[in-house]
Amino acid sequence: FLGPEQLPECLKGCDVVVIPAGVPRKPGMTRDDLFNTNASIVATLTSACAKHCPEAMICIISNPVNSTIPITSEVFKKHGVYNPNRIFGVTTLDIVRANTFVAELKGLDPARVSVPVIGGHAGKTIIPLISQCTPKVDFPQDQLEKLTGRIQEAGTEVVKAKAGAGSATLSMAYAGARFVFSLVDAMNGKEGVIECAFVRSEETESPYFSTPLLLGKKGIEKNLGIGKISPFEEKMVAEAMAELKASIKKGEEFAKNFK
């Protein structure tokens, strides 16, 4: 399918829609700098989804995810077809990075390491719960802080390394595929499928928040919440709140004025 005129046909009957569209970051840009361009793209595409496949699972990869998910929700509300259990901000790349970096430091196979990452999908809103890692791992505080910082800024590390030629692509494709395969498995009746994603949430004072989710046939079966976390992680959650709320509000305001 090509172009806006074929968008309705493209979306009719879809069970899952994945939106990675948008502009990538350049060196010196934050994810928020992409806001105006990507917000319009996401609002346009999700508006078409609300009209032509209102029941589909919507997986948003376009940054800034902390704002594009609230935009998607507001667009679906406008069309009267909002279901918070079917709208996901794909943050899997943060989990893949956390697993990889922990595995490298501990000499483990990254495929066997599982670190939940909660919060949002930008800078200090990315909160890796190393204390909940399986297998259990321990790091001295200075190393833990450095590791956490690297996970939070891994996207920027890639943007700098590519020196203007783009942002993370192959790793994002892998992470996006992992999330969507998990979702499709759960929709097909596989039990016990858990992935983190940035979703509408009652778990904290932030109206949207990423936590481990039990996925099922209708999307989110159960929000598994934050669980037990360390004082270091609690502090990160507290410090992320202001930025999360501001990004969410920015998305909601944009959606209200979007024609």
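Cβ coordinates are placed from backbone N, Cα and C, and glycine is handled just like the others.
Computed from a predicted structure; not experimentally measured.
Here is what TrEMBL says about this protein:
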type     : residues                           : note
DOMAIN   : 6-89                               : domain 'Lactate/malate dehydrogenase N-terminal'
BINDING  : Arg25, Arg31, Asn63, Arg97         : substrate binding site
BINDING  : Asn38, Ile61, Ser62, Asn63, Met172 : NAD(+) binding site
DOMAIN   : 91-254                             : domain 'Lactate/malate dehydrogenase C-terminal'
ACT_SITE : His121                             : active site, proton acceptor
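Here the features listed in TrEMBL are placed on the structure.
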residue	record	Cβ within 10 Å
Arg25	substrate binding site	23
Arg31	substrate binding site	25
Asn38	NAD(+) binding site	24
Ile61	NAD(+) binding site	25
Ser62	NAD(+) binding site	26
Asn63	substrate binding site	26
Arg97	substrate binding site	25
His121	active site, proton acceptor	28
Met172	NAD(+) binding site	19
Could you state the whole-number distance in Å separating the C-alpha atoms of Ser62 (NAD(+) binding site) and the residue listed as 'active site, proton acceptor'?
11
Need this for a regression test: recorded positions Arg25, Arg31, His121, filtered to those with Cα within 10 Å of Met172 (NAD(+) binding site). What's left?
none
Cα-Cα distance maximum in Å, computed over every pair in Asn38, Ile61, Ser62, Asn63, Met172 that the record assigns to NAD(+):
17
Reported as an integer number of Å, what is the Cα distance between Arg25 (substrate binding site) and His121 (active site, proton acceptor)?
14
Could you state the CA-to-CA distance between Arg97 (substrate binding site) and His121 (active site, proton acceptor) to the nearest Å?
12
Considering each pair of residues in Arg25, Arg31, Asn63, Arg97, all listed as binding substrate, report the largest CA to CA distance in Å, no decimals.
18
Integer Cα-Cα distance in angstrom, Ile61 (NAD(+) binding site) to Arg31 (substrate binding site):
12
In the same chain, outside Arg25, Arg31, Asn63, Arg97, whose C-beta lies within 8 angstroms of the Cβ mean position for the substrate site?
Pro64, His121, Ala122, Gly155, Thr156, Val159, Ser167, Ala168
Using the CB centroid of Asn38, Ile61, Ser62, Asn63, Met172 as the NAD(+) site centre, which other residues of the same chain sit with their CB within 8 A?
Ile19, Pro20, Ala21, Gly22, Leu34, Ile60, Val65, Thr68
Could you round the CA separation between Asn38 (NAD(+) binding site) and Asn63 (substrate binding site) to a whole angstrom and send it over?
7
Using the alpha carbons only, what distance in Å do you get between Asn63 (substrate binding site) and His121 (active site, proton acceptor) once rounded?
8
